[in-house]
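Some notes on the structure that comes next.
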Amino acid sequence: MLVVRADYKKYPIPVLEKMRIDEDEFYKKYDACVVVQTCNRIEAYFDTEVNSDLNCILNDFSGFDILKGKNATFHFLKVSCGMDSMILGENQILGQIKTSFQKARELKKTSRYLDSVFLKAIHVGQRARTETKINEGSVSIGSAAVELAEKNFGLANKNVLLIGAGEIGTLVAKALMEKHIKAVIVANRTYERAETLAKELKGMAVHFDKLKEAINFSDVIICATSSPHYILKKEDLIDVGNKIIIDIANPRDVDDAVREFENINLYTIDDLRNISDKNLQKRIEEVPAVEKIIDEEYDVLMKQIEKINVEEVLKDFNNYIEEIRTKELEKAIKLSKTKNPEEIMENFSKAFAKRITHDFVSYSINTSKEDLMNSAWWKNGK
């Protein structure tokens with residue numbers, strides 16, 4: 001297997017957005033492949049038995065990191081467990097892998113090998129989350145903000161406004177995905193980024209000049225921009241009704257003067273740090289247990305793949321034998337009018353054996369014993 005990947009560790013989110021794969025075009029060009037794309041990760045998985053032209057892949061994915069073989073497989077198992085995520089142990093990636101895999105299967109773009117790898121990755125991700133505590137507690141400022149809002153005020157059937165669609169806003173979005181929220185609105189100065197994030201949340205994007213209307217509509221407001229100036233000032237929040245505002249931006253998005261309004265509860269990043277730091281440490285302590293699961297399941301996967309390889313070799317060999325049998329039988333049928341049956345059968349059996357022996361000898365002359373034992377010589381001997 002080969003993986004091409006680009007993620008938040010190497011590129012900022014605006015750059016990743018420009019690197020996103022056009023999946024319609026991708027699946028038209030390649031077979032035996034699966035694309036997994038999220039707001040902070042772009043990855044494509046290839047079965048290299050089918051996609052043997054690696055130069056073509058490398059040219060199409062300039063700027064992407066490349067992983068092959070064992071490294072690619074281990075990487076994918078870690079991804080499914082949330083070990084490679086912006087939020088350690090996050091749950092959303094497992095659902096995104098399932099959705100991506102299902103799409104590729106519906107398009108008939110997977111292979112028997114990729115089916116085994118993806119089903120195993122999904123199983124490993126499920127084990128990690130049920131047998132360890134890798135996904136428990138809020139570990140980012142973004143998820144801590146959502147946890148605080150839910151714990152103190154409840155989010156069920158609430159309207160939430162997220163101001164900011166950058167890195168921190170994305171973390172908030174990931175946490176919101178798990179909640180039963182009535183509606184989510186995303187506002188950002190760059191409307192296209194708001195639109196992209198809103199789509200993932202199944203929410204609605206608004207232009208910044210419609211911020212006042214969005215505030216009036218919302219029950220909870222989470223501010224997470226990178227603006228050097230206040231986004232919400234006291235005069236912006238006059239007569240807006242009861243609001244919960246959680247400001248996790250640095251520098252601050254909300255003027256502290258809004259605390260003067262009795263109908264507004266304002267929380268800042270300082271209220272959340274202790275929550276996220278403590279939970280992150282708990283998750284880090286679970287990493288060895290998850291790695292043990294990955295090691296166990298990797299060994300199981302390799303045995304499954306070895307079985308698949310043997311079955312494919314036997315299938316190819318049977319096809320090879322059938323091809324020779326058919327050709328020699330055609331010759332025998334042509335001779336049936338001029339020779340007796342015993343002579344025809346004698347010639348047929350000798351020709352059949354000679355063809356197999358000839359192909360094997362021709363290939364083995366210049367092949368080492370080890371390579372010969374590991375090769376499908378009948379393919380090369382044709």
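For all residues, glycine too, the Cβ spot is worked out from N, Cα and C.
As recorded in Swiss-Prot, the features of this protein are as follows:
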BINDING   Thr38, Cys39, Asn40, Arg41, Ser85, Glu90, Asn91, Gln92, Gln96  substrate binding site
ACT_SITE  Cys39  active site, nucleophile
SITE      His75  site 'Important for activity'
BINDING   Gly164, Ala165, Gly166, Glu167, Ile168, Gly169  NADP(+) binding site
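Structure with Swiss-Prot features highlighted.
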residue	record	DSSP class
Thr38	substrate binding site	strand
His75	site 'Important for activity'	helix
Ser85	substrate binding site	coil
Asn91	substrate binding site	coil
Gln96	substrate binding site	helix
Gly164	NADP(+) binding site	coil
Gly169	NADP(+) binding site	helix
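Among the listed recorded positions, namely Cys39, Ala165, Ile168, the Cβ with the most fellow Cβ atoms inside 10 Å is that of Ala165.
Cβ environment of Gly169 (NADP(+) binding site): Gly142, Leu162, Ile163, Val186, Asn188, Leu197, Ala224, Thr225 lie under 8 Å away, each six or more residues apart in the same chain. Among the recorded positions listed here, namely Cys39, Asn40, Ala165, Gly166, Asn40 has its C-alpha nearest to that of His75 (site 'Important for activity').
The substrate site is set by Thr38, Cys39, Asn40, Arg41, Ser85, Glu90, Asn91, Gln92, Gln96; from the centre of their CB atoms, other residues of the chain with a CB within 8 Å are Met86, Ile87, Ile93, Lys174. Asn91 (substrate binding site) sits 14 Å from Cys39 (active site, nucleophile), counting Cα to Cα.
Long-range neighbours of Gln96 (substrate binding site) (same chain, six or more residues apart, CB within less than 8 Å of its CB): Val36, Thr38.
Cys39 (active site, nucleophile) sits 9 Å from Glu167 (NADP(+) binding site), taking the CA atoms of both as reference points.
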